[in-house]
């Protein structure tokens with residue numbers, strides 16, 4: 001699969017990544033607005049990572065650089081956003097796997113924290129997670145929503161890795 005992705009142009013790879021990001025955000029918005037699931041702070045962090053990756057992919061598709069430098073830049077930034085999302089999703093899955101007595105207590109809402117705390121404090125508290133992040137709201141095929149998101153970020157990461165592999169293959 002990586003070899004197939006390596007053969008794509010920058011525009012094709014970025015459009016594929018953008019499509020994957022749109023799919024991930026579409027599912028998140030359906031879960032929120034159709035099924036009424038309120039996103040927890042870690043869910044919002046994962047959405048931010050998807051939007052960052054989507055932004056990089058969109059700019060890369062529009063720019064469509066011809067050289068390896070541009071290809072590497074967009075692939076590297078998209079990989080960074082994907083790894084960020086992967087890390088937040090992994091933290092979310094870990095919180096959900098904790099026994100109930102080890103789950104952190106619920107903290108104030110994200111809106112309140114954004115109003116009264118400095119940005120770095122908000123980020124550290126959001127990434128630490130809270131009790132609401134440990135709740136499991138159903139499953140699909142035996143996997144929770146954060147587990148599916150973790151899988152989504154792993155698949156998303158394959159796209160910039162394939163783009164980077166294209167640089168290595170072209171140099172040979």
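Just so it is clear, glycine is given a Cβ too, placed from its N, Cα and C backbone atoms.
As the structure is a computational prediction, the values presented were derived from the model and not from experiment.
With respect to the membrane, residue 72 and residue 167 are recorded by Swiss-Prot on the same side. Of the candidate ranges 14-30, 49-65, 73-90, 73-90 contributes the most Cβ pairs within a distance under 8 Å of the transmembrane segment (148-166). Other Cβ atoms within 10 Å of the Cβ of residue 40 (disulfide bond) number 24 in total over all chains. The topological domain 'Cytoplasmic' (1-13) scores a mean pLDDT of 73 in the predicted structure. According to DSSP, residue 40 (disulfide bond) sits in a coil region rather than a helix or strand.
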